[in-house]
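I have placed the structure first, in the form of structure tokens, so that the comments after it can refer back to it.
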Amino acid sequence: MEISLLKALLSNISSFLNLSSFEKINSEPVQKYYQRAEEILKLLKPILNAIIDSEVTSDEVLIKAFEGLGLSIEELREQCDSWQPLLSKVYFVLQVESLISKIRNPSLEIVQFLKCSHLHLPDELSSASLEHCLQKIKHVGYEQTSSVIREAIRDQVDSVGPSSEILAKIAENLSLGSNQEILIEAVALEKLKENAEQAEKTAEAEFVDQIIGLVTRMHERLVLIKHSQTCSPVPIPADFCCPLSLELMTDPVIVASGQTYERAFIKKWIGLGLIVCPKTRQTLARTNLIPNYTVKALIANWCESNNVKLPDPMKSMSPLLLHAESGLSRDSSSVPRSRSSQPISPESQSTSQTDKNLVTSSGLNREGTSPLHPRSTSKGSLPAIDGNGEYLDVARISLSSAEEGSNLEQRDFPQGPIGDANESLEASTHLRANSDVNGEVKSDSQPVASSAIPQREAEFSPRFMDPRSRSQRIWRRQSERFIPRIISSPGIENKADLSGTETQVKKLVEDLKSTSVDTQREATAQLRLLAKHNMDNRIIIANCGAISMLVNLLRSPDAKTQENAVTALLNLSINDNNKTAIANANAIEPLIHVLETGTPEAKENSAATLFSLSVIEDNKVKIGRSGAIGPLVNLLGNGTPRGKKDASTALFNLSIFHENKARIVQAGAVRHLVELMDPAAGMVDKAVAVLANLATIPEGRTSIGQEQGIPVLVEVVELGSARGKENAAAALLQLCTNSNRFCSLVLQEGAVPPLVALSQSGTPRAREKAQTLLSVFRNQRHGNSGRG
């Protein structure tokens with residue numbers, strides 16, 4: 001029996017070593033791991049051959065080692081043999097390194113046991129030869145990328161975040177050096193997560209989600225590097241960059257998902273058999289490419305105006321895309337099958353530019369255009385169409401930053417953005433689409449939400465037209481919502497689809513009235529998903545009378561029903577008419593109830609819904625007077641990281657209404673905002689924007705001084721983002737022009753050098769604030785008295 005076990009082990013080793021003739025073994029990351037295992041097994045095989053007839057093979061220690069080793073070799077052979085270029089490299093490495101350890105350790109045990117054995121061994125297995133073999137196995141390359149990956153995940157879970165050096169090491173070890181390779185990795189991981197969720201393997205799905213977060217950070221790092229290396233004399237508008245190449249597009253085309261890409265890149269992507277949109281992760285119903293002449297013309301105008309030469313797209317193409325088939329289709333069984341069949345989890349086996357960059361119809365940048373009050377459409381502006389099939393009022397395009405894009409991530413699609421830019425918007429930036437306050441694009445037919453505001457407030461930290469913002473945001477959620485959408489006349493099929501949806505919604509609304517908790521929970525979950533999918537669904541759900549029923553369920557004693565109801569309302573509120581309908585259904589007080597009693601996710605979504613409703617001016621008043629500010633401030637101080645971001649977004653919008661500022665200060669928000677100005681919190685721009693608004697009232701200025709806000713404001717002026725510097729300067733100006741004491745404190749913090757720098761190189765508004773502040777300092781030194 002022991003001899004047959006050893007023979008089976010030798011057969012497994014031979015089968016594994018025969019893989020060296022397969023072409024796929026010579027590709028990365030397979031090659032280096034195969035070579036490590038091959039080196040160990042080539043050392044071990046002669047020893048096993050020598051003892052095949054020896055009585056030593058009956059020893060229980062060896063029998064156990066033979067069994068484990070045989071299983072691990074067979075498993076590793078299957079992993080290497082099934083490798084495909086579009087599988088997840090991260091998962092492959094986590095699995096394979098674990099298996100190589102399971103091969104290396106028993107191999108060492110076998111050789112060590114034979115070396116120390118007192119039984120008779122064949123002459124060729126001398127103690128010296130076994131020691132030599134032992135040392136060689138020990139010195140086989142044993143770099144553990146998987147331990148680096150797990151350490152990075154732990155840092156991420158602990159909100160520390162892996163360092164740039166760690167991310168660089170992982171990217172180098174896994175050959176994830178280009179944006180295209182990282183996108184392919186993300187698609188593969190999302191497929192793995194989908195498989196885990198379908199199999200109801202919650203732990204594995206969560207593990208994959210953590211890996212997706214890590215790959216997201218790798219992408220963000222790559223984007224930062226890419227834009228730091230750009231040779232363009234001016235920042236390239238993000239709309240003009242291909243999401244695959246991150247380069248200026250020379251031949252933009254639209255795919256079936258409505259997104260625009262560089263033709264050469266998306267053609268090669270599809271040629272690999274990847275029939276999903278890289279940006280939205282939608283399956284592409286068609287693979288035809290439609291030229292986007294409007295974007296092409298805008299790019300040409302911009303290049304001419306800025307003396308920028310179009311790049312050669314092939315120079316930045318990754319080898320994987322470069323060698324893809326040139327055709328637009330491939331046998332669908334090759335790639336999707338291999339991606340979806342990859343094992344799930346290793347655990348399951350082993351245990352600024354800023355305002356000046358607003359793009360005009362002529363392609364020139366308009367200096368001094370305020371994101372708070374975008375210019376009205378000029379007669380000469382071009383009603384263009386972007387890659388999402390939306391009208392672009394090109395005279396007033398402004399882009400939110402990556403930080404804002406991730407402020408309130410889409411709540412029901414953890415694996416990535418799904419749907420077009422008008423159809424997957426469970427996010428605060430999406431909800432701001434019609435808010436002039438936040439610099440989003442507005443349709444001519446839409447009223448200006450902030451037109452009644454007599455005095456300009458501090459903008460909410462968007463860093464408009466930061467060249468890296470749009471490309472980073474493809475890893476979060478799409479925050480662009482250009483309106484109105486271009487919708488072709490619905491055909492019979494579309495009408496039938498809408499009719500079917502309406503029938504489904506009516507049934508779900510009836511289920512909301514049920515006395516069964518399970519029925520209500522299921523109905524709210526279904527409405528939550530339907531409200532996420534597209535604008536038509538949101539209109540149908542509202543027309544069927546669901547809003548008032550969902551509002552009632554905000555007080556449901558069942559936590560999941562409450563969570564589903566508030567998230568459904570958040571999704572519905574993307575539609576402007578629904579914003580009014582939700583407020584008219586007396587939703588504000590029940591939303592406050594959720595803020596006080598709900599699950600962490602329910603609290604986050606309640607804050608996001610309140611923000612959405614506050615886009616309408618009357619609702620800012622209602623929300624402020626209904627007692628929402630206290631719970632929002634509590635969430636700001638004690639919520640989850642996303643909850644804090646949701647709360648800060650809502651508080652910012654509420655602080656635009658003057659009456660709410662005192663309420664926000666009295667609720668203790670300033671202390672939390674000062675704490676969140678620690679860069680480690682990732683909320684500096686958001687916190688300083690709210691503080692800039694609160695600094696316009698005496699109570700706000702007093703609280704900022706008492707909570708040690710002055711040193712951190714000065715630090716932001718010196719080290720913050722362009723928009724952060726601008727708002728910090730605005731806050732400091734309010735402090736200094738109203739108090740000599742505060743002015744002295746600002747000077748003591750060494751504010752003059754960074755303010756001098758800002759007065760020369762900041763945004764137009766930042767330069768103005770910095771220059772005014774420096775004048776205040778000069779006047780104080782000359783004996784002018786200020787107000788105490």
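The backbone N, Cα and C atoms fix where each Cβ goes, and this holds for glycine too.
Whatever TrEMBL says is automated annotation, not expert-curated.
For 179-209, the entry in TrEMBL reads coiled coil.
As annotated by TrEMBL, domain 'U-box' applies to 235-309.
Here TrEMBL flags 327-353 as compositional bias 'Low complexity'.
Per TrEMBL, region 'Disordered' is recorded for 327-387 (among others).
The feature compositional bias 'Polar residues' is assigned by TrEMBL to 354-368 (among others).
Per TrEMBL, region 'Disordered' is recorded for 402-472 (among others).
The annotation compositional bias 'Polar residues' is assigned in TrEMBL to 425-437 (among others).
Marked as compositional bias 'Polar residues' by TrEMBL: 444-453 (among others).
What TrEMBL lists as compositional bias 'Basic and acidic residues' is 456-469.
Residues or ranges marked as repeat 'ARM' by TrEMBL: 545-587 (among others). Looking at the repeat 'ARM' (545-587) alone, the prediction's average pLDDT is 92.
Marked as repeat 'ARM' by TrEMBL: 627-669 (among others).
According to TrEMBL, the feature repeat 'ARM' maps to 668-709 (among others). Here the repeat 'ARM' (668-709) has, by DSSP, the following mix of helix, strand and coil residues: 31 helix, 0 strand, 11 coil.
Remark: secondary structure over the repeat 'ARM' (545-587) totals 33 helix, 0 strand, 10 coil, with classes taken from DSSP. Summarised by DSSP class, the composition of the domain 'U-box' (235-309) is 26 helix, 12 strand, 37 coil.
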